[in-house]
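**Q** Sharing a structure here in structure tokens format.
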């Protein structure tokens, strides 16, 4: 082996490994999305300008940690009675063998019972009138950070807890704070009983300044701060005038705080690059790497590590030659070896303003793999390389014996560029699945990768793994590393455009660290399930708040690419007129300031089922149902079973909330939920549950990405958005039906992780028109996905081509429906001439897939009229 500090030229040392064998058995592991704003509803057609809001979506992925003490999944697929978990079941991604609920001996605190004695105090009714004056108009129900499946809650437990529909919320803790949001630089007032924060809905005694907690109803003092002569005077307190406030601690309370706008950009980014690539793959990768360098801010500190059979750490101190220090890859690096180059004369993390030419020279010097060994059999010591990269980020401060204690930044990133499986050194598995010790070595590898991910998380470092090429990377082995660190694993077809874009967005996306999510709500409400990029946190607050019944979740990273999904139930019949929810996100932001973001929501309760149904947000409800469903799709056979549960949900919702058609056995689906069944039909047919995607690893990555995704990306992954190009450069939004495949048009289909541009044959024959339409579609596709992470593939093809099947398979087949149903659900047909409609009808080939209306009628349910 080479000496740790030995200079060597670029180029791996290779030895022949065992022969290539078949792809590994399927195993599901994975994680997350992002989105600064919400995409428009597709309930009715509308026209878009050629340059829509580029902030329409921003999506990314974050990983989930392992959760111990789990019990069996709740309930059978037929929805006849409410699900009754023993405790709060926190869900991570469907990594076998993870069941679905915490066991009854979970350490999470139980919800506290209703109590109006021993300190509880009901304030005079006239005082609460001040609340409506303090709450901003339009924000009485929810904030930009929280989306509820309904804006009202049913009082009757039996009606509220119908599991086929359910009730819940989506929380986006890391969303960017909108301009004008309230920031408070002082300690918050908290309930001394349950730990809840004072908020805009609190009743306040103006004479004494005491405030009543909305969660536990106890009375608390404010040290005289809330004493006021008039209720209007309370508006000067941000927490009493806004539903979302940020408490920020800086200065003396955060010694590491540096008020510099580019601080987050100076945090280290270490690229860990697979050097076992063939020439064609390497050329694409080099192009992406050079573009990546040019995208970095001048203050960004970059490290470059290559791995094959050895680990090469590049030294930026040499300006005229690409040189590297080499470590053996067969075992974890010894501390003495690490000290040899960390404390040596080499520079392994360098700011771009000083080292950009050197970095370009390093990437230009990379050479393709020379030995005649199959891709999957080449030695790759990915685990050792990540260990070395983590040591570089920690730097000399890792040596605590010198008395140096340094708080690492909150946005450190290791980005792995992988072209094949980890088959050498720590965390590896044999090249061949027929190896007699393969099962044991696989188990050991999974544990090593998980521990390495946790180690990275402890040092505030996120590990993203970007895979590309045609060689299977063995997703189940690599996924725990990304999951446990709070990172994301993404698969690409090659190292080209989409890979390069994701490389840039992975390094640039904002992130926080030390995230903790607190969930508090009225005693009437019980959290039954949590899905998202985190794990159970054991927080002992009994010494401070004796009746704290909050659910605590440790967030593995804090990014706007993430969301948490909460499923809730009523504990019993609700007697109060409102229920309250308070969500607190504590984290260190990218500027190393400690933030406590407090979001308080009040929802009214109703007796009327009709009023409740009117308040349901179809798209949010569909995303919540989809995430609960996908959680149980651990493998493809499970996905097939989950399709049947979609049918059962539709029938149960129609039975519980719909009406029976006179003189018939058919149930009418509730008209208030007109969009919900179509969204779930897309879920059943699409890549998440359907058979569009061919390989289990791809399905695993996609499903787990969905479980952590924000609302925007989640909705697009469930139901694609269809936009038809019009003359003049405008776009018309249409339902995602195959009736949009009109030969004289161009159509964009945004399905979250993939965007397709379809050119009709008649349009494609006109070169000038098709070029203009394609350019307009391409521009719009790029703008719609400008901030999305992972960046989607953007594929363009013509009608009748083999690739067009990607597009057709994602559209609802409506061409077999009678004309009146087609026009009712696809009104744009009315604008076509008789000749155009005849031509459109003749362009379709017969196949057995049912249309949406046929599917609903097969369930003995009458489809709701489109809204």
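Along the chain as shown, residues are numbered 1 onward.
Note: Cβ is positioned from N, Cα and C throughout, glycine not excepted.
Since the structure is predicted, the reported quantities are computational estimates derived from the model, not experimental observations.
Quick paste of what TrEMBL says about this protein:
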COMPBIAS  1-11  compositional bias 'Polar residues'
REGION    1-92  region 'Disordered'
COMPBIAS  14-27  compositional bias 'Pro residues'
COMPBIAS  31-52  compositional bias 'Polar residues'
COMPBIAS  53-63  compositional bias 'Low complexity'
DOMAIN    188-226  domain 'Zinc finger Sec23/Sec24-type'
DOMAIN    270-496  domain 'Sec23/Sec24 trunk'
DOMAIN    513-605  domain 'Sec23/Sec24 beta-sandwich'
DOMAIN    619-715  domain 'Sec23/Sec24 helical'
**Q** If you count Cβ pairs under 8 Å, which stretch among 270-496, 513-605, 619-715 touches the domain 'Zinc finger Sec23/Sec24-type' (188-226) the most?
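**A** Comparing 270-496, 513-605, 619-715 against the domain 'Zinc finger Sec23/Sec24-type' (188-226), the winner is 513-605.
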**Q** Calculate the per-residue pLDDT averaged over the domain 'Sec23/Sec24 beta-sandwich' (513-605) and state the result as an integer.
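**A** Averaged over the domain 'Sec23/Sec24 beta-sandwich' (513-605), the predicted model reaches a pLDDT of 90.
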**Q** Kindly report the helix/strand/coil residue split of the domain 'Zinc finger Sec23/Sec24-type' (188-226) according to DSSP, in that order.
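**A** DSSP composition of the domain 'Zinc finger Sec23/Sec24-type' (188-226): 0 helix, 9 strand, 30 coil.
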**Q** With DSSP helix as H/G/I and strand as E/B, how many residues of the domain 'Sec23/Sec24 helical' (619-715) fall in helix, strand and coil?
**A** 65 helix, 5 strand, 27 coil
**Q** Tell me the residue counts in helix, strand and coil for the domain 'Sec23/Sec24 beta-sandwich' (513-605), as DSSP assigns them.
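**A** Counting residues per DSSP class in the domain 'Sec23/Sec24 beta-sandwich' (513-605), I get 0 helix, 56 strand, 37 coil.
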